[in-house]
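Feature annotations, reproduced from Swiss-Prot:
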DISULFID  5-21  disulfide bond
DISULFID  9-23  disulfide bond
DISULFID  14-28  disulfide bond
């Protein structure tokens, strides 16, 4: 929840979700 994954999720889901990232405020975060 605090580390940006360098990916946005405005139009598509986080592809980095496989790495433990989740969408928050239109940006993918990890932890």
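Cβ atoms are placed via backbone N, Cα and C, with glycine included.
Distance noted between the C-alpha atoms of residue 28 (disulfide bond) and residue 21 (disulfide bond) is 6 Å. On a Cα basis, residue 23 (disulfide bond) lies 10 Å away from residue 5 (disulfide bond). Around residue 9 (disulfide bond), taking its Cβ as the centre, 20 other Cβ atoms fall within 10 Å, counting all chains.
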